[in-house]
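Below is one structure, written out as structure tokens; the observations come after it.
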């Protein structure tokens, strides 16, 4: 009893500390978020001018990470929304919407009036009701210099049958956050964790909220038992029978000194279980110790759920933190987690081999036919493949590596023997996505689809736009849908803090990038955007930012009022107006 009482006191103490920190973070971040509200409001006002749905066949989406990729609940399509791109100096946020047709291998960009504002690190869940819906919650918006953040707490639904966005106004939901996780469990959307960050402070969450798809209402859950520590970017997978969800891994950080932060990669697993009748449900946390071959600790991995509740984990990064440096080991491996058996399996590819060759391998071939992921614990795994590294040197001297994988020596010997007996050609070298983190993944038709993400070389970040799929039943080889383009990576401009070349031109493109509009937009739309920018009062030569704000106060106040609506207090409108004027002044 005494030990239990101590644990309960620790939990309550941690909750009080978290509540105080959340209040502190909210107070400090309120001012900088108000500054960003002006930018967000301007993007929304531009989107509001669009009154019709425009669907255009297009190339694959631009390079990005931390977007959402969802399987369409009614069609053989994937839905990609939002994301971010960073070029070393500026951050671009997107709110563009793409549909990928699996059978046709084609992309369509869908411009639907009144979409959610630009964001990344949000969550999107597709549900079959109402002809198909895509629910989007939270995420973050960042200032172009990446020093200020706005964390959303809004909830949106895309009605796929009618091509309309709807902003759901429901009180009592989670606070603003990004890096959280959201899944469908029966007829509820469950939200767990995430983080909120301001310039000086941050807080990670371990709270759980439920949104009813029947009543359109939020409720905060109060599960019994010991909960996971606060974290973001974890795995959250629904149990097939709807009895609960699995939480695995994630990332969090703490401040150990005034200016020193320490990150933690979590590798524990928990079950959030539902008991009782609908409407009288009771929830409880319990720790899970899965069997099998567990993934090495990592963050930034991609997670998708296939048939029978089997979760698929791909890639990620393990950061090695030292006093003054931060280096990461990026992965491109696969792990599968069976939620029914509570067991991990390494996702080993078999290669593309004919049935005739498999039969000639006898017992070993039969074992391979059962699936590498079904090997019993302790069974010897086949000899691993060999990595071939291709190096590309960019103009600034940065070396970028692209990895391909070829079968191991044992596999090659077997294929040579087969060739002597049969004239069939040997299997081609296996090609895999290069190591990366923050990629987008989804499962449809028994195939895993993987898009984009990023990796780092030194202090330089490469954002990807390649696209792959893998048959989870055959587990033979990755199919390249959009290959990585070395020339594109060489041309991907990377700006350091001291760089100023083409800065004015880049700033002029900033609004377009934040809206997610691509270069393929027609010249008429670009000219309209230019006309909108020219309407703002110009900055006079030698004029300070204070003088400019005073001279143009009436104009910016009117624009802020139009964007924010008549019900907002004058004091807040004035603050936003000053911020808008400052942003425009600094962009000139």
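Cβ atoms are placed via backbone N, Cα and C, with glycine included.
TrEMBL lists region 'Disordered' at one of the ranges 318-351, 352-385, namely 352-385. Between the stretches 237-258, 259-280, 281-302, TrEMBL puts its region 'Disordered' entry on 281-302. Residues 402-439 are the range that TrEMBL records as region 'Disordered', among 402-439, 440-477.
Helix, strand and coil content of the region 'Disordered' (281-302), in residues and according to DSSP, is 0 helix, 11 strand, 11 coil.
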